[in-house]
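Here is what Swiss-Prot says about this protein:
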- Asp9: active site, nucleophile (ACT_SITE)
- Asp11: active site, proton donor (ACT_SITE)
- Asp9, Asp11, Asp130: Mg(2+) binding site (BINDING)
- Cys93, His95, Cys101, Cys103: Zn(2+) binding site (BINDING)
- 1-166: region 'Histidinol-phosphatase' (REGION)
- 167-355: region 'Imidazoleglycerol-phosphate dehydratase' (REGION)
Amino acid sequence: MNQKLLFIDRDGTLITEPPTDFQVDRLDKLALETEVIPALLALQKSGFRLIMITNQDGLGTDSFPLEQFEPPHNLMMQIFSSQGIHFDEVLICPHKPEENCHCRKPKIKLVEKYLTEGLMDTANSYVIGDRETDLQLAKNMGIQGLHYHPKNLGWFAICEQLTRQDRHAHVQRITKETSINIDVWLDHEGSSDINTGVGFFDHMLDQIATHGGFRMHVQVKGDLCIDDHHTVEDTGLALGEALKLALGDKRGICRFGFVLPMDECLARCALDISGRPHLEYKAEFKHQRVGDLSTEMIEHFFRSLSYAMACTLHLKTKGSNDHHRAESLFKAFGRTLRQAIRVEGDTLPSSKGVL
């Protein structure tokens, strides 16, 4: 399973690097970098696995005997462990630059298995270090690098950057009938830009975003010269996929939502972002169209969305006006979605360990 990994340098990043000889070879030289413990705890809590990777010039030789290296290193590891911080691995290159080995950063020998065995979520893994060699290692690994500096980019700033919610997804779907581009920002409210070519459908999609508490851009070009079938269906598929991607690993979300708004129409919506697609839908309309939207396509839209989003969705409405009945379904779904995508913690809301 791909995991979010942090490859963290030791000297100058986790602990202070002595400016005189650049070796932590005595206990009195050991000092943790500011805020490193609370930052690592928060990063672990948000789902990152920690791997230490360090160059230790001449380790095990007369210039840097093991008996000088081990006491401060072991104490550092004990301190981290006592505070609940655990490293999956500690990767050490003991060679000097002139030995031209294959394991010294920024070369990738030490991290090869993470690149070849599918263990790493490359889009959400980072190298953190205080030297250019750390940034070059990140580049060689095909992941992002963060240049640690206690004043310019310290541990608090790194933690804030990596744990900040920014659930965004972009989906492009192109077929012979439609061309669709959708962007979804689940943690940002504001004006949405929606243009499907079907005015009433645009209004309904805006209801989802407005009542869902998020922002989206939807641009659709479809074969409306025939009818609205492909436009509505494919938009449902693309929007469902975008919502699923934006939710990511779903860690911390409420998962469930239920709403029963009562106005002229009585609409009911229940939602479970379960990974199991299913739709129960009950709505009757007097007319074939509401504005320029076919009423039969409303069910088709929600069915496409629920299957692409991999969620279980129950929708039901009663009322006397077709416009209000249709609108109540989209509003109810938006309000329910708002509940279900809200982040309240950092655990996965499933006893199975996966959604």
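Note: Cβ is positioned from N, Cα and C throughout, glycine not excepted.
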Conformational class of Cys93 (Zn(2+) binding site) under the three-state DSSP mapping: strand
Extra residues within 8 Å (Cβ to Cβ centroid of Cys93, His95, Cys101, Cys103), Zn(2+): Asn55, Pro94, Glu99, His102, Arg104, Lys107, Lys109, Leu110
Candidate binding-site residues Cys93, His95, Cys101, Asp130, pick with smallest Cα gap to the residue listed as 'active site, nucleophile': Asp130
Assigned element (helix, strand, coil) containing Asp11 (active site, proton donor), judged by DSSP: strand
Cα-proximity to the residue listed as 'active site, proton donor', 10 Å cut-off, over binding-site residues Cys93, His95, Cys101, Cys103, Asp130: Asp130
Nonlocal residues around Cys101 (Zn(2+) binding site), in sequence order (Cβ under 8 Å, 6 or more apart): Cys93, His95, Lys107, Lys109
Site of maximum Cβ density within 10 Å, from binding-site residues Cys93, Cys103: Cys93
List of residues, in chain order, with Cβ under 8 A from that of Asp130 (Mg(2+) binding site) and at least 6 apart: Asp9, Gly12, Thr13, Glu17, His147, Tyr148, His149
